[in-house]
Amino acid sequence: RASRREAGECRRQLQARLAEMESLRGAHQSLERQLQELEERHSAEAAGLQDTIVQLEDDLRNTKNEMARHLREYQDLLNVKMALDIEIAAYRKLLEGEETLFSTGSVSLSALNPLPNPTYSFQPKGFSSST
């Protein structure tokens, strides 16, 4: 009888352990699924962030190129402005010289302009700019 009782007790313990083992297997599988889902989600997020980084790097590169282009255009305009300032200064000196001649009275108006109807034409010089 004692042996039968002991065998019955062992069977109950065995069934309890088997039930506990099945429960733990289910929990293990659930945790494995959660881990897989987390890895997939983090992988997708990492890929999205990497795409964002690539896009931002492209935007930065394009912005730098655009800034360099604007800087070259600005330098070209500055060179043209400087050339125009030099030309204006030269014309100003010429005009001052003419005014000096008129104010001293040493040159008559007819001597400066031999044509009865003078025509003036403006011909701008071509400037080349270098960056």
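Using N, Cα and C of the backbone, Cβ positions are placed for all residues, glycine too.
Taken straight from TrEMBL:
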- 1-102: domain 'IF rod' (DOMAIN)
- 14-80: coiled coil (COILED)
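Secondary structure of the domain 'IF rod' (1-102) per DSSP, as helix, strand and coil residue counts: 101 helix, 0 strand, 1 coil. Taken together, the residues of the coiled coil (14-80) have an average pLDDT of 97.
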